[in-house]
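Peer 1: Annotations for this protein, taken from TrEMBL, read as follows:
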- 486-507: compositional bias 'Basic and acidic residues' (COMPBIAS)
- 761-773: compositional bias 'Basic residues' (COMPBIAS)
- 31-435: domain 'Oligosaccharyl transferase STT3 N-terminal' (DOMAIN)
- 590-649: domain 'STT3/PglB/AglB core' (DOMAIN)
- 465-507: region 'Disordered' (REGION)
- 761-788: region 'Disordered' (REGION)
- 27-50: transmembrane segment (TRANSMEM)
- 124-148: transmembrane segment (TRANSMEM)
- 154-172: transmembrane segment (TRANSMEM)
- 184-209: transmembrane segment (TRANSMEM)
- 215-239: transmembrane segment (TRANSMEM)
- 251-276: transmembrane segment (TRANSMEM)
- 282-300: transmembrane segment (TRANSMEM)
- 312-336: transmembrane segment (TRANSMEM)
- 377-397: transmembrane segment (TRANSMEM)
- 404-421: transmembrane segment (TRANSMEM)
- 427-446: transmembrane segment (TRANSMEM)
- 521-545: transmembrane segment (TRANSMEM)
Amino acid sequence: MATVVDTVKPPPGGASAVSGERNLRNAFGGVLSLFILLLIGILGFSIRLFSVIKYESVIHEFDPYFNYRVTQFLIKNGIYDFWNWFDDRTWYPLGRVIGGTVYPGLTLTAGTLYKILHALNIPLSVETVCVFTAPIFSAFAAWATFLLTKEVKGTGAGLTAAALLAMVPSYISRSVAGSYDNEAVAIFALIFTFYLYIKTLNTGSLFYATLNALAYFYMVCSWGGYTFIINLIPMHVLLCIGTGRYSSRLYVAYCPLIVLGTLLAALVPVVGFNAVMTSEHFASFLVFIIIHVVALVYYIKGVLTPKMFKVAVTLVVSVGMVVCIAVVAILVAVVASSPTKGWSGRSLSLLDPTYASKYIPIIASVSEHQPPTWPSYFMDINVLAFLVPAGIISCFLPLSDASSFAVLYIVTSVYFSGVMVRLMLVFAPAACIMAGIALSGAFDVFTSSVKFQLPGLLGDSDAGDSTSGDAVQNGAAKAEPNAAVEKSEETLKERPSKKNKKKEKEPAVKASIKSKIKKRLLVLPLETSIIALLLLILLGAFYVIHCVWAAAEAYSAPSIVLTSQSHDGLHVFDDFREAYAWLSHNTEVDDKVASWWDYGYQTTAMANRTVIVDNNTWNNTHIATVGTAMSSPEKAAWEIFNSLDVKYVLVVFGGLVGYPSDDINKFLWMVRIGGGVFPHIKEPDYLRDGQYRIDNQATPTMLNSLMYKLSYYRFVETDGKGYDRVRRTEIGKKHFKLTHFEEVFTTHNWMVRLYKLKPPRNRIKGKTKKSKAKSSSTSTKGKKNPWH
């Protein structure tokens with residue numbers, strides 16, 4: 001009989017043919033997927049190069065200049081000097097310990113890339129490596145999105161989501177070439193950490209759990225947004241436990257992350273013991289206790305009889321409740337001792353959007369901490385906003401551990417993006433994942449409908465029915481090849497009678513009819529399917545056009561170099577670099593420069609001069625001191641700056657060219673921050689009937705403030721009227737002189753103005769001369785000497 005089985009060949013189209021065809025298709029699909037992923041990576045990298053093509057290879061914005069300066073120091077002096085670096089050129093006279101106050105992930109990543117490239121004899125400069133770090137990691141982020149979405153809904157959804165993320169404007173805004181900020185590598189770390197968590201959850205592998213903890217460690221090194229991960233994952237674990245989806249895989253996915261991840265996070269100097277002492281991390285520890293109680297209950301259930309299990313569960317739950325209450329009581333006691341209840345200011349701003357405006361104006365003053373407007377959603381994620389609901393519905397069909405995590409991710413990120421516009425960056429990957437799932441599912445339905453009905457159109461209706469019937473049978477055969485092989489072997493071993501053949505045939509026919517009916521239910525009319533496919537392609541084309549426009553026009557311009565298009569052509573404003581170059585070449589190395597904190601990083605990095613405050617904003621009192629000086633009359637401001645050993649004051653002014661982000665528009669924040677520490681500065685003194693004005697209706701306090709005088713000094717000479725193009729009005733005080741400051745440099749377009757503090761002895765000498773003249777005149781008149 002065995003010989004018969006060996007000699008008998010399987011019929012054409014049998015199990016082996018189906019298996020071979022499937023293997024061939026899988027291999028071809030794998031190669032095609034790799035090729036598509038490579039193209040997506042190239043797309044993600046190249047779409048971010050508009051800033052270099054249109055302008056030049058230059059660092060953007062403000063924070064990236066500090067990161068660039070730190071990277072230079074790391075490469076030049078090594079990692080040990082980097083950890084112990086005390087920077088005396090910032091926050092004078094306090095200074096700053098760089099190694100203990102910076103997230104080192106971005107710097108270490110760029111430094112490593114620099115060393116690797118030079119080891120390969122590719123001599124790129126530090127600046128070039130820093131400029132292109134963000135586009136490189138954008139490609140990595142797209143690939144990580146593919147891996148994450150593939151774990152949730154399959155390869156098709158993963159490829160679609162990766163392509164969407166490579167182009168999404170929200171992510172482009174923070175990852176164009178030159179945007180050398182923490183988010184450049186942090187978004188990749190965020191998505192990759194989520195992927196490894198889902199991978200561990202699906203496989204239960206301790207290997208992936210360890211990799212997950214390491215990816216979390218990299219995220220902690222890179223960005224303060226790591227607290228989103230350490231709160232979202234415990235929320236998902238709690239959701240799984242609450243819905244009865246606990247498994248050993250969930251335990252393996254969560255517990256190593258908390259234990260190993262927390263230990264690694266504590267090694268980062270800027271985090272340290274905050275990993276176990278701040279309220280942002282307490283939820284993860286509470287869920288850690290809960291999952292162990294649940295695991296113990298499941299273990300006892302498998303060991304004991306049902307009667308003994310009830311007794312044991314009562315005991316375990318009672319003990320667990322006591323432990324939880326004790327832990328919560330300790331946490332409440334620790335939290336209650338903190339004025340902010342153990343939360344950081346930014347975290348409280350996310351939980352209570354009004355908190356920053358009430359108590360911490362320094363946080364509220366940052367534009368990226370403001371809530372977004374509805375148009376900004378369409379600008380930053382475009383058509384994805386309409387596809388996200390469809391993706392959420394797809395995740396419930398059917399609901400799995402991975403898809404429930406994706407739903408939780410999109411819900412929480414939508415809330416946080418609605419509170420703070422900067423967190424649109426966290427929302428963008430979730431929107432791309434949901435839109436990818438929705439588009440992939442829609443394409444599957446529409447293309448299947450076309451494919452199912454196409455044979456019927458090519459031949460007659462009977463042929464179409466038979467073809468579709470064969471397709472259904474082939475699909476059933478592909479779904480269960482092993483069953484077909486076993487069945488063929490059984491038929492060889494014994495020859496059934498005709499009666500048995502009939503009985504065997506009946507369930508097979510019923511199954512084929514059932515599967516055919518099921519497929520028919522998913523089939524849409526051919527015309528509807530084709531129109532829907534065309535509309536989806538049109539939607540995708542519109543998204544691509546918008547993304548390319550956003551990358552080329554909206555987000556490619558570096559803030560250090562500005563452009564303006566008018567009827568007489570393109571105008572380039574390079575005033576910032578002009579001013580920093582003047583400072584670098586015309587001042588002493590140890591001179592101190594005072595400005596609003598926005599320009600501190602650029603002044604230190606580009607002019608190499610000591611600043612009083614910068615963008616780190618770690619010392620509110622120091623910033624309030626500068627704000628008070630800018631809000632005070634000239635003499636009082638001179639005394640404040642002189643006490644800080646300041647020699648030059650830098651002011652940004654946009655009234656001549658129409659640059660809206662100047663210091664006059666930021667002035668009320670200086671008043672609020674200064675007034676929060678020094679009560680004699682009151683915001684109503686600078687407002688006329690609640691309105692902020694700089695015209696002839698402005699208050700005397702406003703007109704006599706140092707910021708007003710330094711911005712509008714000699715401004716009337718430009719057009720004879722003193723018309724401010726940003727505020728669209730003529731200034732109130734046009735002709736005045738400075739007594740304690742002198743203008744030393746104003747850039748070509750008046751965007752940056754530099755003033756020098758007059759030395760005190762000149763003014764004292766003048767006063768003594770006046771006093772002597774007075775005394776001589778009074779003595780001649782026979783009056784009493786005022787000095788006695």
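Glycine too: its Cβ is placed from the backbone N, Cα and C atoms.
Where the annotation comes from TrEMBL, it is an automatic prediction and has not been curated.
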Peer 1: As a test: from 154-172, 184-209, 282-300, 521-545, pick the stretch that has the greatest number of Cβ pairs under 8 Å with the transmembrane segment (404-421).
Peer 2: 184-209
Peer 1: DSSP says what for the domain 'STT3/PglB/AglB core' (590-649): how many helix, strand, coil residues?
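Peer 2: Across the domain 'STT3/PglB/AglB core' (590-649), DSSP assigns the residues as follows: 33 helix, 8 strand, 19 coil.
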Peer 1: Counting only residues 6+ away from its ends, which parts of the chain sit with a Cβ under 8 Å from the transmembrane segment (154-172)?
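Peer 2: For the transmembrane segment (154-172), the sequence-distant neighbours (Cβ-Cβ under 8 Å, at least 6 residues beyond its ends) are 29, 33, 36-37, 40-41, 43-44, 47-48, 138-139, 141-143, 145-148, 187, 379-382, 384, 424-425, 427-429, 431-433, 435-437, 439-441, 443-444, 543-544, 546-548, 550-551, 554-555.
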Peer 1: Go through the chain and flag residues at least 6 beyond the ends of the transmembrane segment (377-397) whose CB is under 8 A from any CB in it; none is fine as an answer.
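Peer 2: For the transmembrane segment (377-397), the list is 152-153, 164, 168-170, 173, 403-404, 406-407, 410, 424, 427-428, 431-439, 441-442, 539, 542-543, 546-547, 550, 554.
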Peer 1: For the transmembrane segment (27-50), give me same-chain residues lying six or more residues beyond its boundaries with a C-beta closer than 8 angstroms to one of its C-beta atoms, as numbers and ranges.
Peer 2: 134-136, 138-143, 146, 155, 159, 162-163, 165-167, 172, 175-177, 547-548, 551-552, 556
Peer 1: Quickly jot the same-chain residues contacting the transmembrane segment (282-300) by Cβ under 8 Å, restricted to those at least six beyond its ends, or write none.
Peer 2: 230-231, 233-235, 237-238, 241, 246, 250-251, 254-255, 258, 262, 276, 309, 312-313, 316-317, 320, 323-324, 327-328, 331, 335, 342
Peer 1: Could you pull the average pLDDT for the domain 'Oligosaccharyl transferase STT3 N-terminal' (31-435)?
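Peer 2: In the predicted model, the domain 'Oligosaccharyl transferase STT3 N-terminal' (31-435) has a mean pLDDT of 89.
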Peer 1: Sort out the residues at least 6 away from either end of the transmembrane segment (312-336), same chain, that have Cβ-Cβ distances under 8 Å to it, and list them.
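Peer 2: Residues 277, 279, 282, 285-286, 289-290, 293, 296-297, 300-301, 304, 342 contact the transmembrane segment (312-336) from elsewhere in the chain.
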Peer 1: Pairs 6 or more apart in sequence, C-beta under 8 angstroms, 3 or more of them: is that satisfied by the transmembrane segment (184-209) and the transmembrane segment (251-276)?
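Peer 2: Yes, the transmembrane segment (184-209) and the transmembrane segment (251-276) are in contact.
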Peer 1: Any chance the transmembrane segment (427-446) and the transmembrane segment (251-276) have 3 or more Cβ pairs under 8 A, given the pairs are 6 or more apart in sequence?
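Peer 2: Touching, no - the transmembrane segment (427-446) and the transmembrane segment (251-276) miss the threshold of 3 or more Cβ pairs under 8 Å.
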Peer 1: Short question: which residues 6 or more past the ends of the transmembrane segment (215-239) have a Cβ under 8 Å from it?
Peer 2: 103-106, 108-109, 182-183, 185-186, 189-190, 192-194, 196-197, 250, 254, 257, 261, 264-265, 267-268, 271, 275, 280-281, 283-284, 286-288, 290-291, 346-347, 404-405, 408-409, 412, 416, 423, 426
